[in-house]
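**Student:** Following this message is one structure expressed as structure tokens.
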Amino acid sequence: MASVAWAVLKVLLLLPTQTWSPVGAGNPPDCDAPLASALPRSSFSSSSELSSSHGPGFSRLNRRDGAGGWTPLVSNKYQWLQIDLGERMEVTAVATQGGYGSSDWVTSYLLMFSDGGRNWKQYRREESIWGFPGNTNADSVVHYRLQPPFEARFLRFLPLAWNPRGRIGMRIEVYGCAYKSEVVYFDGQSALLYRLDKKPLKPIRDVISLKFKAMQSNGILLHREGQHGNHITLELIKGKLVFFLNSGNAKLPSTIAPVTLTLGSLLDDQHWHSVLIELLDTQVNFTVDKHTHHFQAKGDSSYLDLNFEISFGGIPTPGRSRAFRRKSFHGCLENLYYNGVDVTELAKKHKPQILMMGNVSFSCPQPQTVPVTFLSSRSYLALPGNSGEDKVSVTFQFRTWNRAGHLLFGELRRGSGSFVLFLKDGKLKLSLFQPGQSPRNVTAGAGLNDGQWHSVSFSAKWSHMNVVVDDDTAVQPLVAVLIDSGDTYYFGGCLDNSSGSGCKSPLGGFQGCLRLITIGDKAVDPILVQQGALGSFRDLQIDSCGITDRCLPSYCEHGGECSQSWDTFSCDCLGTGYTGETCHSSLYEQSCEAHKHRGNPSGLYYIDADGSGPLGPFLVYCNMTADAAWTVVQHGGPDAVTLRGAPSGHPRSAVSFAYAAGAGQLRSAVNLAERCEQRLALRCGTARRPDSRDGTPLSWWVGRTNETHTSWGGSLPDAQKCTCGLEGNCIDSQYYCNCDAGRNEWTSDTIVLSQKEHLPVTQIVMTDAGRPHSEAAYTLGPLLCRGDQSFWNSASFNTETSYLHFPAFHGELTADVCFFFKTTVSSGVFMENLGITDFIRIELRAPTEVTFSFDVGNGPCEVTVQSPTPFNDNQWHHVRAERNVKGASLQVDQLPQKMQPAPADGHVRLQLNSQLFIGGTATRQRGFLGCIRSLQLNGVALDLEERATVTPGVEPGCAGHCSTYGHLCRNGGRCREKRRGVTCDCAFSAYDGPFCSNEISAYFATGSSMTYHFQEHYTLSENSSSLVSSLHRDVTLTREMITLSFRTTRTPSLLLYVSSFYEEYLSVILANNGSLQIRYKLDRHQNPDAFTFDFKNMADGQLHQVKINREEAVVMVEVNQSTKKQVILSSGTEFNAVKSLILGKVLEAAGADPDTRRAATSGFTGCLSAVRFGRAAPLKAALRPSGPSRVTVRGHVAPMARCAAGAASGSPARELAPRLAGGAGRSGPADEGEPLVNADRRDSAVIGGVIAVVIFILLCITAIAIRIYQQRKLRKENESKVSKKEEC
């Protein structure tokens, strides 16, 4: 088989490289539709036009409107015609035509393409051929198929040659089709971890295909490793792609030597590059773009024997592979496939196989640059000088990667000499040549070839020559000499020697970018240069490198590092806890309350209490309860402090308590909370009270403001009472603290410090008035804060003219606004703040549009988010708007963020001076009707409720949160409204916890069982007739929903058994081969319906989920949330007189089939969780009893945290709670079952219970016999009279 695959591969490799694309090889057969003909005129643009009838909008192929094509004002090779396809398309061919009925046509041209209209890339034919053949007349069409095709949104046609007897004239068409693009963006600190489906045999073939666009020159693209050091890694290193392959331990005879394959160059150019990796046994094929490296490994294919996970974008676990602990990838991956699986699609759908780490998004940002580029060493720009002046003065900025190159040459008048400015070894050097004298040289700067912009100022006058590079100034004194400025300055290179200019560039011309050129006091206008109105040039491309130094001053916040790119500055937010263009937005929620309402369970979390404010995030423990979210901040003090007697007046103890968070962070968190407390547990033996008898404080504590407090507990300041004194239950009513009594015994006080304006405690000082034998000990607990008073702070706006007003918003350089809203109206203004000319406004402009508009002096700017569904659905929607010096962004809910870049060199400060209006405007028009909640400006929360209480037309608070947050209540839990938030009612769920998501699991030892009784228990004092009557209370079902999860290695096993008083039953078992079997017997006169589901061997020690849904005769079975199967019952549709549900071993399965009896005898050994039959949850009823017990337990059943985290099934499990059978302290299985609430009886009580149960069973047998007889008779008379009830 491998030889056949290799033969096929060899055939493919013999094909021309132009006909095979590594990613998505081969074009669709119909990918040749015209793309430009249907575009509007606005989609066409050009460098210039001869007249309005020669505009780019008339450049469609075979069209005759206008003048019959596009013709620029001037015919030269710097003209261009551009098309915007509207979105990225796959382009497979182009066609050109001359101007209709004219002598204007192009004979050759260049084709460039771009994703975003900037950062153009030139299409190359056959690697080295750049130009395309054009037309020979005005009417014929020249069609060219692109091999290989490419994907782009923008295309540019650059004429190189044209009819010498005419002008440039073009009509064009572009062919292709829609392009499927699944994009994932990594910001340099993120990764995707893809867990593969485990297979019993290692694969003989692995195929990985992707495209990538690199924003940086280094980074891990993918990594996969095994148990013995074997790994494969694809890494971008200095713009080259390196594939590392290591089979592991070199001492093993079968391993191969490490392999390193390198392909590609300049792959960090922010353009797409394709990669294909094929591991075919020992054959390795590594393809980048059109270049393929074949490698035949010696030895076996042990490098394929890797773990069942692969990471993209980085190595997610630091230190996991020390040899490859490298920088993560910064850029985009497109159409990422592993063995045919679309990994990006799985990540978008949040499939369980994918783990996203860090800031991973699914859109690829496009660079925007307007550069001025010197294309070759022959490039030059000649500009007129200030002829006749007695000085030379030139300033400019440059950017380059070259260590050497000519920058500037000028010749002085009257033969007085010349000067040349050039780069050598990354340093700037200036040489002045004068007749009869040695050259005068000046050197300034270092490392100027770092790709950054550097400013240069050169001046020469009578007695000195001065060069300033950035902040490095170099001065060269001159002998008094006449400096007479020349006529022309040459930047970047020189004219041909035949021109007689005298310009020389022995180190070669400059390759890079120039900007901000001034000669004398006059700035050079680049637009005039482009239009040919100023100077002359060669091989100069304008609009290719026009950036300024935007990192001085740095607008990066929160310690973010500023770095340059082609068109703007960027902030490296790695390790800051913030994100965004300026590291302004926090990565973390502001409180545990916010974490809770994102569905997060209890655990350690970072919180950022002031949001985008100056305070950083810090780590806390969030304790999520059903009623609230508690923030727990631990201190670093001792667990317990012990005190012993000392002479009078001497300090007994002064202990300081430090916290992981700073004072400002703690203050912000405490102020945000609804209430906070800290508990002090005090134990004392013959110790003194906290104060002397004359009232002098002997003990005190210090809060966060460094103030001393003598109040203990929740009392008023200086009340000097412990908690027992406040509650009036001290052991001695004469005192206000238990320790005041001074008894010769150990007593205790629990002190709750709850004045949150003073918390947390930073120091406790305790002294004593002189009891040598006294002793005490105290423990200070963590800081506990409940809730978030800003998260639910809200106001309801009832009239269009109503609003709340606050002081003006001060956000000059950075302004962010975030809030929740809900409404039923179609429009309204959320907030508005005005200045003299500046303003900021956020509004609901239409039912599906939210708009953020502002003006900082550059003219009004708008950012709009459109939704496919209306926002006026009376549910909470979250809005976040940000405006900074780089632009503006707006995001609503989880919709894609919309951004608007700021204009270059425009105004950056937002100056506002009016009041801030919330819910309306200053003109009282277009007011908002609805609710606004949790409004924050630059991280500062506004108290809406306080203002609403005194504002007509506005009410504090909002109702109706379950419509938005009800989805947090999982697994059948019901959302219940609270005044401030919601809570989940788990009464009818098999789970518990704040979101009904905590698994209730139990380990069943061999021979154990748990029985849930659907009928109520009746005492033996009732007469037999009443007992029989009670058994007539049927539970008859025509439908039921059953869910359970399990893990075991034993077969056969009984997972669940539901019995009936009529010998009807349902059994769910694992057969001897581990297959799932379900049997329904709904008519005791017929054989049961038996169904086998050969999904897999489910007795494999792994966790499996089973869901059974019956609707009369239709049964739907779902396994592991994926595999589904539907079956039809033939034995009936009614489950009559349901008696009990049994988990584990069944002592007697009367009337059951042989397979069910065998499984019932074997029982179940392993872990069961989330068991639910209709509304009955037997595990929950046993482990979380909330009323009279319906559960009986036999044998050893131990609760477990989670089945997935438990011990291997089939092995003894460590019991996590007292055993649920036989009574505490006894060993061995119980002989008979008993209600769970009586599990702790003494032995005599147990014996009595056993006797009672035996008697009860005998009575049940008699009653059942009577019941069967009566039921037969009843069915014969009228079967329709059988009572029915709803699902239990």
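From the backbone N, Cα and C atoms, a Cβ is placed for every residue, glycine too.
Sequence annotations record features per position, and here Swiss-Prot assigns disulfide bond to CYS31-CYS177, CYS332-CYS364, CYS513-CYS545, CYS551-CYS562, CYS556-CYS571, CYS573-CYS583, CYS931-CYS958, CYS962-CYS975, CYS969-CYS984, CYS986-CYS996, CYS1167-CYS1203 based on similarity to another entry. Residues annotated as domain 'Laminin G-like 1' in Swiss-Prot, with sequence analysis given as evidence: 183-364. If you look up Swiss-Prot, you'll see 370-545 marked as domain 'Laminin G-like 2'. For 793-958, the entry in Swiss-Prot reads domain 'Laminin G-like 3'. The annotation domain 'EGF-like 2' is assigned in Swiss-Prot to 962-996 on the grounds of sequence analysis. Marked as N-linked glycosylation site by Swiss-Prot on the basis of sequence analysis: ASN285, ASN359, ASN441, ASN497, ASN623, ASN706, ASN1023, ASN1073, ASN1120. Annotated topological domain 'Cytoplasmic' per Swiss-Prot: 1267-1288, in sequence order, evidence recorded as sequence analysis.
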**Student:** So what's near the domain 'EGF-like 2' (962-996) in sequence-distant terms, Cβ-Cβ under 8 Å and 6+ beyond its ends?
**Tutor:** 593, 596-597, 599, 601-602, 624-627, 787, 791-792, 822, 874-876, 1043, 1170-1172, 1175, 1177, 1179-1180, 1184, 1186
**Student:** Just the number: how many Å between the Cα atoms of CYS1203 (disulfide bond) and CYS556 (disulfide bond)?
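**Tutor:** Cα of CYS1203 (disulfide bond) to Cα of CYS556 (disulfide bond) measures 47 Å after rounding.
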**Student:** If you measure from the Cα of ASN441 (N-linked glycosylation site), which of the recorded positions CYS332, CYS513, ASN1073 is the nearest?
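**Tutor:** Answer for the nearest of the recorded positions: CYS513.
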**Student:** Helix, strand or coil by DSSP: which one applies to CYS962 (disulfide bond)?
**Tutor:** helix
**Student:** Go through the recorded positions ASN623, CYS958, CYS975, CYS996 and tell me which ones have a CA within 10 A of the CA of CYS969 (disulfide bond).
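**Tutor:** Checking Cα-Cα distances against CYS969 (disulfide bond), the recorded positions within 10 Å turn out to be CYS975, CYS996.
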**Student:** How many other Cβ atoms are found within 10 Å of the Cβ atom of CYS332 (disulfide bond), counting all protein chains shown?
**Tutor:** 24
**Student:** Could you measure between CYS571 (disulfide bond) and ASN359 (N-linked glycosylation site) for me? Cα positions, answer in whole angstrom.
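**Tutor:** CYS571 (disulfide bond) to ASN359 (N-linked glycosylation site), Cα-Cα distance: 15 Å.
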**Student:** Report the nearest neighbour of CYS1167 (disulfide bond) in space among the recorded positions ASN285, ASN623, CYS958, comparing Cα positions.
**Tutor:** ASN623
**Student:** With H, G and I counted as helix, E and B as strand and the rest as coil, say where DSSP puts CYS513 (disulfide bond).
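**Tutor:** For CYS513 (disulfide bond) - judged by DSSP and reduced to three states - the answer is strand.
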**Student:** If you count Cβ atoms within 10 Å of each one, which of the disulfide-bonded residues CYS513, CYS962, CYS986 comes out on top?
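**Tutor:** In terms of Cβ crowding, the pick is CYS986.
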**Student:** Compute the C-alpha separation of CYS177 (disulfide bond) from CYS513 (disulfide bond), stating it in Å without decimals.
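**Tutor:** Rounded to a whole number, the Cα-Cα distance is 36 Å.
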**Student:** Counting other CB atoms within 10 A of each CB, which of the disulfide-bonded residues CYS177, CYS556, CYS573 comes out lowest?
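**Tutor:** Selected from the disulfide-bonded residues CYS177, CYS556, CYS573 on minimum Cβ neighbours within 10 Å: CYS177.
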**Student:** Which has the fewest other Cβ atoms within 10 Å: CYS975, CYS996, the disulfide-bonded residues listed?
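**Tutor:** Minimum Cβ neighbour count within 10 Å, taken over the disulfide-bonded residues CYS975, CYS996, occurs at CYS975.
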**Student:** Across all the protein chains here, work out how many other Cβ atoms are within 10 Å of the Cβ of CYS364 (disulfide bond).
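**Tutor:** For CYS364 (disulfide bond), the 10 Å Cβ neighbour count is 20.
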**Student:** Below 8 Å Cβ to Cβ and six or more residues apart, same chain only. Which residues does that give for CYS984 (disulfide bond)?
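**Tutor:** For CYS984 (disulfide bond), the qualifying residues are ALA626, LEU968, CYS969, GLY973, ARG974, CYS975, ARG976, PRO994, PHE995, CYS996.
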**Student:** Through the lens of DSSP with three states only, how would you label CYS986 (disulfide bond)?
**Tutor:** coil
**Student:** What are the sequence-distant neighbours of ASN359 (N-linked glycosylation site), meaning same chain, six or more residues apart, C-beta distance under 8 angstroms?
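**Tutor:** The answer is ASP187, GLN189, SER190, THR579, LEU587.
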**Student:** Where among the disulfide-bonded residues CYS562, CYS571, CYS958, CYS1167 do you find the Cβ with the fewest other Cβ atoms within 10 Å?
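**Tutor:** Sparsest of the disulfide-bonded residues CYS562, CYS571, CYS958, CYS1167 by Cβ contacts within 10 Å: CYS562.
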**Student:** I'd like to know which of these disulfide-bonded residues, CYS931, CYS1203, is least surrounded, judged by other CB atoms within 10 A.
**Tutor:** CYS931
**Student:** Return the single residue from the disulfide-bonded residues list (CYS31, CYS583, CYS969) that has the minimum number of other CB atoms within 10 Å.
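**Tutor:** Sparsest of the disulfide-bonded residues CYS31, CYS583, CYS969 by Cβ contacts within 10 Å: CYS31.
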**Student:** Return the residues near ASN1073 (N-linked glycosylation site) by Cβ distance under 8 Å, restricted to its own chain and a separation of at least 6 in sequence.
**Tutor:** THR1051, ASN1097
